[in-house]
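One structure is given below, encoded as structure tokens.
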């Protein structure tokens, strides 16, 4: 009987130790759901964060709408970096994200891009859009991607919604939209400035920066998900995201970083 009791005690201790170690390993991993427009700066941020903390970041990119739907359906993410403020706020309201954890990490800029190098003296992308000198206009789905919604607002501002409707092609996210233009499958495309401007290299293609007043601000919020409330590594990442080092990286990629 004493032997059986000792065996049970050993099993209980092993289970407790396994749970403790499992919790520690989980706390050292942060699973991020990241809006497609922020994919490249996120890689730079991940390298800096991991180098400074030893924590591991697992990054999943997609449209804000798709990632939001995955989170609602139980996807095991720790932090959501959206391309808007609406969906993080909705997650907080629905009890799926931690109240008070939402923070604006960047404000995006929209650009109208054309592929390749332009010949000197040719019309700019905005001039081509306004004159109708294009076959296909790429933009992200306005239902899934905030950059797509902003593009629709720009077309409304220019009174070009009807004129461009039959020539619009939609990407599920801003990454797919950029690919349409970069590969020449669209003559023009509304993309994130960060996709064109890369630190240390020339812009990919010719572009016009869209005036900020032509659409609602593209404020991008990050939020800690409720299922990861006790993940200290996830909280450390959100703290890092607000640090001067992170703000410099974000600004270098074509975003307005919060003060």
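First residue shown is number 1, and so on along the chain.
Backbone N, Cα and C define each Cβ position, glycine as well.
Record features (TrEMBL):
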SIGNAL    1-27  signal peptide
BINDING   64, 174  molybdate binding site
Once near-sequence residues are set aside, which residues in the chain of residue 174 (molybdate binding site), 6 or more away, have Cβ atoms under 8 Å from its Cβ? 35, 36, 37, 63, 83, 140, 145, 147, 148, 191, 192, 195
Counting every protein chain present, what is the number of Cβ atoms, excluding its own, within 10 Å of the Cβ of residue 64 (molybdate binding site)? 31
Three-class DSSP secondary structure - residue 64 (molybdate binding site): helix
